[in-house]
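J.: So TrEMBL has the following annotated:
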type     : residues : note
COMPBIAS : 1-13     : compositional bias 'Basic and acidic residues'
REGION   : 1-26     : region 'Disordered'
TRANSMEM : 37-56    : transmembrane segment
DOMAIN   : 46-535   : domain 'K+ potassium transporter integral membrane'
TRANSMEM : 82-104   : transmembrane segment
TRANSMEM : 172-191  : transmembrane segment
TRANSMEM : 211-230  : transmembrane segment
TRANSMEM : 242-264  : transmembrane segment
TRANSMEM : 289-307  : transmembrane segment
TRANSMEM : 319-339  : transmembrane segment
TRANSMEM : 359-386  : transmembrane segment
TRANSMEM : 407-429  : transmembrane segment
TRANSMEM : 441-463  : transmembrane segment
TRANSMEM : 470-491  : transmembrane segment
TRANSMEM : 497-514  : transmembrane segment
DOMAIN   : 548-800  : domain 'K+ potassium transporter C-terminal'
Amino acid sequence: MHRVDVDHERDTMEQPPPTATEQTQLERRKETFASKFALISSNLLLAYQSLGVVYGDLSTSPLYVYRSIFVGKLQNYQTSEAIFGAFSLIFWTITLIPLLKYVFIVLSADDNGEGGTFALYSLLCRHAKFSLLPNQQAADEELSAYKYGFSGQSTSCLPLKRFLEKHKKSRTVLLIVVLLGACMVIGDGVLTPAMSVISSMSGIQAATEHLSHGAVLLLSCIILVGLFALQHSGTHRVGFLFAPIVTIWLISIFLIGLYNTIFWNPKVVSALSPYYIIEFFKETGKDGWVSLGGVLLSIAGTEAMFADLGHFTATSMRLAFPFFVYPCLVVQYMGQAAFLSKNIDSIPNSFYNSVPESVYWPVFVIATLSAIVGSQAVITATFSIVKQCNALGCFPRVKIVHTSKHIKGQIYVPEINWILMILTLAVAVGFQDTTLIGNAYGIACMTVMFITTFLMALVIIFVWQRSIALATSFLLLFWLIEGVYLSSAFIKIPQGGWVSLVLSFAFLTIMFVWHYGIRKKYNFDLHNKVPLKWLLGLGPSLGIVRVPGIGLIYSELATGVPSIFSHFVTNLPAFHNVLVFVCVKSVPVPFVSPDERFLIGRICPRPYRMYRCIVRYGYKDIQRDDGNFEDLLIQSIAEFIQMEAVEPQLSSSESPSFDGRMAVISTRSVQSGSTLLVSEEDFGISNSIQSSKSLTLQSLRSAYDDENPQMRRRRVRFCLPENPSMDPAVRDELSDLIQAKEAGVAYIMGHSYVKARRSASFLKKLLIDIGYSFLRKNCRGPAVALNIPHISLIEVGMIYYV
């Protein structure tokens, strides 16, 4: 026995050290563990931050749900059994829709991390030709963010896909459905602040008997005005307060609910069984069905989980809701039901009456702050919706301010902010009752969920490439549940629900009219493009004088030469030596990498010095003037010229059109290793004005720079490096480009007027001559929206008869 122990000790001492391979494996395990730990920590942090941004609206619903259920005809059924049934309805509603549908299914249908109805529509447009604006190009499909989703192939969806692509009316209906969902979200932005703030402020009236309802309403309006007035500072400045407030609020309502359950009626736990739902409808009948409009308020704000996905991750949402928000809400509703089962008379102010007196005022303060946070979240979501609609050509041009340097999605839209404030105050003062506002609120929330279910079914078919049977099962299951709630909400249209419909119809009309006008104008340009044979027949001089300088001709047309160019040639006696047709367009992806933003090509043969530049943005990209667009454009064209000389397929003479051959020019490669040598120095007067002999133009530029100090940029000079092996034709073209840049850059746009033809129908004349014309005159001009300096802008008027 002693010998065995000695041998074992000797073997242990003589064990060889770990080999290099073993050390490498050990290090890899450590790195893997560290990366997993960092990922878990990041998701936990995001889950905590999501509480303040996403769940503010959903978590404040206990303030008014029971009161909204037991109003109207259900006042005759205020019994403990009915209250247990109402709680069972609330529990299963929260379980089936937010937890099952959104957390486990819908959150998987993100678009490169982005969510919302427009993300679903974007995915559908990329996997099928559903877009009504025909500006898609083959090069767009090569974007890194374009091919996203499941790679499986299914032939079962091909007949349905061909049907939708072939029939324009079906694609129009799809767009209207998406716009209706967006309009309902904007309606939420009007109704949520009024509903949440008035509900939270009712606690003052409950505790202070001498305070009148008018005084409470006045205090609510003051808070609402302050809320909208603070929007210009951006959510990033006060965002650090949001998550702690909602966290404290959720913990508070959890503890209050737990206390009420134990103290008042522990038997309420049995109401988790759906048996009580059956008994509830047996007792209440049709009146119980009508009360579902109040039950659905318990899931108001659920859509924010998907709409605000871009700020967080699906994993963080799946951590925050099931493990924290969901239990807190269930226990709070359970506690309220336990309290009300023993205090039936407290239903009109159920939440505040259920709060113990010792913690009443702290809970009131937290409730008010949480209501403000919930309102802030939906207002920010409204700004994002307007931005996305604007990018897709479905909303008039408005000023969009990027309020954060670090978070792309935090924006502020001044015009929309003040319109929302006026409408919210009008709703608050006009109704003065959360029950009536809740009726409109319920219609807006449930309609958005109903539309999301429909779009999700299409995503299952076309994007995930699953069977139509699976998509139909998903659609029927959730449409059956949501349809019951929606039908109950629509019963209350005369009792305030009409507000949601009126708001949605107004915004939907604006969106559709604007998109209709944009589409008609684009189709006119598309069908009346300038023939390249005509340009080739004019020769390199285009039949006019070519003067030094670069002319940037802005057009919405992604291919071909727009008809307005012939209007320019006819009305302008001279044109610049170098012409660049610039098209700024949105593509159906959330963000476009700067490396893929510029698409450069040539129009006509080399002696014409005519180029095309397509600047691509995603529907969530912010188009900001970084001050170096001209310089990046010149460098990108120079890179294209050099690339064209090296790669014969770009300049192949087999294609007689001299158009359509485009190349992606990476801005990083342009800045790091450009074909041109770049030198920079500070300047106060633009190149084009310094090179001019006109003292008047110099003084104008000086005055312009004094008024716009943010537009003062660094002066960039280009020169050609010494390269004896460079093709002489390429060197000459690059020299002309540099000389044209030194001579100055002019921005040329068409000041277009769109009118309906005389033979058009009355409805078309109404939409174009009145609707679209009014919106175009009262929105921001295209030059302002594209950050074009007006000192260098040339506009030529043209009338489009569509």
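Glycine is no exception: its Cβ is also placed from the backbone N, Cα and C atoms.
Keep in mind that what you see is a predicted model, and the values were worked out from it rather than measured.
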J.: For the transmembrane segment (211-230), which partner among 242-264, 289-307, 319-339, 407-429, 441-463 gives the most CB pairs under 8 Å?
T.: 407-429
J.: Quick one: find which recorded stretch in 172-191, 319-339, 407-429, 441-463 has the most Cβ pairs under 8 Å with the transmembrane segment (82-104).
T.: 319-339
J.: Where among 172-191, 319-339, 441-463, 497-514 do we find the most Cβ pairs under 8 Å to the transmembrane segment (407-429)?
T.: 172-191
J.: Ranking 172-191, 242-264, 289-307, 497-514 by the number of C-beta pairs under 8 Å to the transmembrane segment (441-463), which range is first?
T.: 172-191
J.: Contact between the transmembrane segment (319-339) and the transmembrane segment (242-264) is defined here as three or more C-beta pairs under 8 Å separated by at least 6 residues; is that satisfied?
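T.: Yes; at least 3 Cβ pairs under 8 Å.
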J.: What same-chain residues lie close to the transmembrane segment (470-491): Cβ under 8 Å, and 6 or more beyond its ends?
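T.: Hits for the transmembrane segment (470-491): 93, 96-97, 101, 105, 289-293, 295-296, 439, 442-443, 446-447, 449-450, 453-454, 456-458, 460-461, 497.
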J.: Sequence-remote contacts (6 or more beyond its ends) of the transmembrane segment (172-191), Cβ cut-off under 8 Å?
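T.: Answer is 117-118, 120-121, 124, 130, 132, 164, 303, 307, 378-379, 381-382, 385-386, 388-389, 394, 420, 423-424, 427, 437, 440-441, 444-445, 447-448, 451-452, 454-455, 499-500, 503-505, 507-508, 511-512, 515.
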J.: Same-chain Cβ contacts of the transmembrane segment (289-307) under 8 Å, 6 or more residues past its ends?
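T.: Non-local partners: 54-58, 61-62, 64-74, 86, 89-90, 93-94, 97-98, 102-103, 106-107, 115-117, 185, 188, 192, 281, 317, 321, 329, 333, 374, 377-378, 381, 384-385, 438-439, 441-442, 445-446, 448-449, 452, 484-485, 488-489, 491-492.
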